[in-house]
Amino acid sequence: MPLDAQRVPWRWLATGRASRRLVLVVVFVALLLDNMLLTVVVPIVPTFLYATEYEGANRSLAPAWTETAPPALKPPFSSVFSYFDNTTVTVSVSGSASTSELVNRTERSPPPQPPTSSPPPLSSCLEGEEFLAKENVRVGLLFASKALVQLVVNPSVGLLTNRIGYHIPMFIGFVIMFLSTVMFAFSGTYTLLFIARALQGIGSSFSSVAGLGMLASVYTDDVERGNAMGIALGGLALGVLIGAPFGSVMYQLVGKSSPFLVLAFLALLDGALQLCILQPSKISPESTRGTPVFTLLRDPYILVAAGALCFSNMGVAMLEPTLPIWMMQTMCSPKWQLGMAFLPASISYLIGTNLFGILANKMGRWLCSLIGMAVVGISLLCVPLAKNIYGLIGPNGGLGFAIGMVDSSMMPIMGYLVDLRHTSVYGNVYAIADVAFCMGFAVGPSTGGAIVRAIGFPWLMVIIGVINIAYAPLCWYLRNPPAKEEKIAILSQECPMQTKCYTTQNTLREFPLADDSDVEAESVE
């Protein structure tokens, strides 16, 4: 093989490591898999626990009930169908006819079936009302465990990225995510599912904080950063989009382990992509020390943005454990519908994040977030009005679109506020953004199940809907946040005519992910 042909893959790899678009692809895929695993369990866990715990416990009682039922239900009269004149004659046990009743039947109708030993069910809904009520709380705590763990780990990951860079934490997140996915596939009890969900929280913390911080450091221009964040959040949206329907269909057709094994295989491909592009063995700390987390938490503008992320996502977080069980109780929905109910929200979220990643910068990100939170509240108020799965299309579609508006606006605002008011190092601020996101997904499911059990599902939607509508006006404060004194001096020198223009304190490189020695070797050749 010629020497030039051997060098072609290495040249492509060196070029890829210096490309910002491939970095965006890596972050997109990582968020996609993380959120597929986040939502694929939503339709599986409630029905799996019902099948293994409630039905499993009652199955042992069924044979004894069947044997003792016929003597207790033996009637003093029995019905005999006459094929001669299409009448039903009630005959006593001794054999004498007491009454006759004409039955209107066509010639095509089959004869009446003999009575069975067990009475027919009153409806197609699942039995065990008390079990389903308790399951609201247990499923809510299981779903919230991921966000609670992520909430605790996020600040540490933010500090770690400032010291060793984004590449190694990103790869650590992949490894933990893969282990969590495999554990989900082979867990058969509530305890093991709980541990797998908590383990996913650790991996998600590494992936999301490192991934978003990496994008913010690569795309230093505010407009480009907004577009890149919109594309990355499109990966999050796509994971949410296909996670729940994919899980419900695979669970019903193939089995519980099948969707998780598919995700584990996709995670391996993501790990191979990270090894090729990011070189996770390299330690590349930030050249400038970032602003401490507690200093950022004292910034009211960052707190307003974080609150918008928290409350807007809390609505869908409360729906995840409670809506499938409410559908099982009131709509008698089969397994596949429990996941398909989230499909309108996922599709509209995908559209919203990609659309407003570009439009939000033109119309004003603060206004986009304000309108989004108001629509979130209105959509949540309309959810309990649905009588079947088709009635959920409108409210869930509006909910997903509005959350897409908020997320695609607030994620770039977080980076912009750090550039405007603090040091342009992004690990800590996106740790705060992820903490806000996780607060919604921790408080939502854990309290939602208890509220449903206490006052019912409709009142839960009223509470969280009113909270979002009441919080929306606070986004007005993000309309024109002031800069710090030292930043004002930089802004006046670098871009005196543009109020939204900003520059970073340190000169950032074009983000070559390859070693300098590799680049020099390529130039020599």
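A Cβ is built for glycine as well, from the same backbone N, Cα and C atoms used for every other residue.
Note that this is a predicted model, so its numbers are computed, not measured.
Per TrEMBL, the feature compositional bias 'Pro residues' maps to 109-122.
Per-residue confidence over the domain 'Major facilitator superfamily (MFS) profile' (23-483) averages out at a pLDDT of 78. Sequence annotations record features per position, and here TrEMBL assigns domain 'Major facilitator superfamily (MFS) profile' to 23-483.
If you look up TrEMBL, you'll see 100-123 marked as region 'Disordered'.
Marked as transmembrane segment by TrEMBL: 21-45 (among others).
For 172-196 (among others), the entry in TrEMBL reads transmembrane segment.
The transmembrane segment annotation in TrEMBL covers 202-219 (among others). Below 8 angstroms of C-beta separation, residues 20, 23-24, 26-27, 30-31, 34, 38, 146, 149-150, 153-154, 157-158, 161, 166-167, 169-170, 172-177, 179-180, 225, 227-229, 232, 411, 415, 425-427, 430-431, 433-434, 437, 508, 511 of the same chain, each at least six residues beyond the ends of the transmembrane segment (202-219), sit close to that stretch.
The transmembrane segment feature in TrEMBL is assigned to 231-254 (among others). For the transmembrane segment (231-254), same-chain residues at least 6 beyond its ends with a Cβ under 8 Å from one of its own Cβ atoms are 24, 27-44, 47-48, 211-212, 215, 262, 334-343, 345-347, 349-350, 352-354, 357, 404, 407-408, 411.
The transmembrane segment annotation in TrEMBL covers 260-280 (among others).
According to TrEMBL, the transmembrane segment annotation covers 301-319 (among others).
TrEMBL lists 339-359 (among others) with the feature transmembrane segment.
Residues 308, 311-312, 315, 319, 323, 352, 356, 359-360, 392, 394-396, 398-399, 401-406, 408-410, 413, 457-458, 461-462, 464-469, 471-473, 475-479 of the same chain, all 6+ positions outside the transmembrane segment (366-386), place their C-beta atoms under 8 angstroms from a C-beta of that stretch. Taken from TrEMBL, the feature transmembrane segment applies to 366-386 (among others).
Sequence-remote contacts of a segment are chain residues at least 6 beyond its ends whose Cβ falls under 8 Å from one of its Cβ atoms, and for the transmembrane segment (398-418) they are 212, 216, 222, 225-226, 229-230, 233, 236-237, 291, 296, 299, 301-302, 305-306, 308-309, 312-313, 315-316, 319, 344-357, 360-361, 365-366, 368-369, 371-376, 378-380, 382-383, 424-426, 429-430, 432-433, 478, 481, 502. Per TrEMBL, the feature transmembrane segment maps to 398-418 (among others).
The transmembrane segment annotation in TrEMBL covers 425-444 (among others). Within its own chain, the transmembrane segment (425-444) is flanked in space by residues 143-144, 146-148, 150-151, 154-155, 157-162, 166, 201, 205, 208-210, 212-213, 216-217, 286, 288-293, 296-297, 302, 305-307, 309-318, 320, 410-411, 414-415, 417-418, 464, which lie at least six positions past its ends and keep a Cβ under 8 Å from the stretch.
If you look up TrEMBL, you'll see 456-478 (among others) marked as transmembrane segment.
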Report summary line: Under 8 Å Cβ-Cβ from the transmembrane segment (456-478), and at least six residues away from its ends along the same chain, one finds 300-301, 304-305, 307-308, 311-312, 314-315, 318, 322-323, 326, 365-367, 369-371, 373-374, 376-381, 383-384, 413, 444, 448
